[in-house]
Amino acid sequence: MEEVLEAAEKIRSMEVRGAARIARFAAETLMKFAEKASDEKFDEEMRFAAETLLNTRPTAVSLYNAINYVMRYSGESVEEKRQSVIRRAREFINWVETAQRKIGEIGEKRIKDGYTVMTHCNSSAALSVIKKAHENGKRVEVIATESRPRWQGHLTVKQLREAGIEVTLIVDSAVRYFINEVDCVVVGADTITANGALINKIGTSQIALAAKEARVPFMVAAETYKFSPKTLFGELVVIEERDAREVAPEEILKLGVKVRNPAFDVTPRDYIDVIITEIGAIPPEMAYIVITERLGYAGIEEEEITLNSRHFD
């Protein structure tokens with residue numbers, strides 16, 4: 001169990017970050033744990049491992065979907081169950097890998113030669129769209145936000161430069177100043193709700209608002225495992241608030257200053273032009289169909305929907 005606790009801490013501390021990376025890491029962790037879990041308490045130990053991982057990042061539905069997918073294992077004997085976990089984990093990991101590639105192929109069609117693209121945070125799905133356009137010979141420049149307070153934008157600019165793409169780094173508060181120099185915005189997603197709203201890195205909704213005002217297309221790159229089945233049943237997405245020390249140094253905190261540090265915000269579907277998924281470019285209104293048909297949650301057993309629900313109240 002020690003390796004599960006270590007993996008959970010890596011997710012909680014954001015040593016492993018990004019919705020896709022978190023989902024894949026969780027699937028890999030469950031697969032490795034299944035190989036070592038005892039025969040006597042296999043189901044009990046697997047469930048404890050799943051709940052431990054689920055309790056780390058409440059907003060990232062990719063984590064929930066990854067764990068729910070792997071935990072739908074089957075088998076009569078313990079060995080059959082063990083092999084089922086391993087097989088399902090590998091299937092999910094393959095889903096992560098192929099989805100990102102397909103999103104790049106579909107999304108790059110909306111990036112024209114000579115475009116300047118704005119992006120926020122560090123989304124592997126969003127960057128796959130930009131990188132694919134560049135690989136296909138299109139001249140693309142990127143304006144990337146710093147994405148405070150965790151500075152994910154620094155990762156983005158490094159990855160773009162490594163790919164040979166011209167990039168300008170700006171502070172988050174300068175988005176509206178630069179929005180008229182942009183041809184489109186491409187961001188990733190932590191969660192897509194049943195009504196088509198986007199939950200993503202704090203600051204995303206302000207970019208969407210600025211883009212709407214400037215009539216700049218706002219596109220979301222999101223794998224279908226980032227769509228939230230829980231919102232189909234009326235549950236609201238919990239917005240994680242992180243440590244005040246990410247925002248302010250101790251000399252400020254010791255003055256008794258109250259600090260709020262939400263990690264995510266909500267962008268209404270009215271501000272989203274299109275969601276680029278591995279199954280196609282869809283309007284946000286189609287999120288309900290993705291959840292019920294692609295994820296198969298229309299009539300699924302209640303146990304699978306409410307796994308570890310006490311952590312999401």
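We number each residue from 1, going along the chain as drawn.
Note that Cβ sites are derived from N, Cα and C of the backbone, with glycine treated the same way.
Per Swiss-Prot, substrate is bound by R17, G18, A19, A20, R57, N200, K201; the candidate from K81, K226, K230 named for the same site is K226. Calculated from their C-alpha atoms, the gap between R57 (substrate binding site) and C121 (active site, proton acceptor) amounts to 17 Å.
Taking a C-beta cut-off of under 8 angstroms and a sequence separation of 6 or more, R17 (substrate binding site) has the following same-chain neighbours: N122, R150, Q152. Following the DSSP three-state reduction, the secondary structure of R17 (substrate binding site) is coil.
Neighbour counts were taken at the CB atom with a 10 A radius for the binding-site residues K201, K226; the maximum falls on K226.
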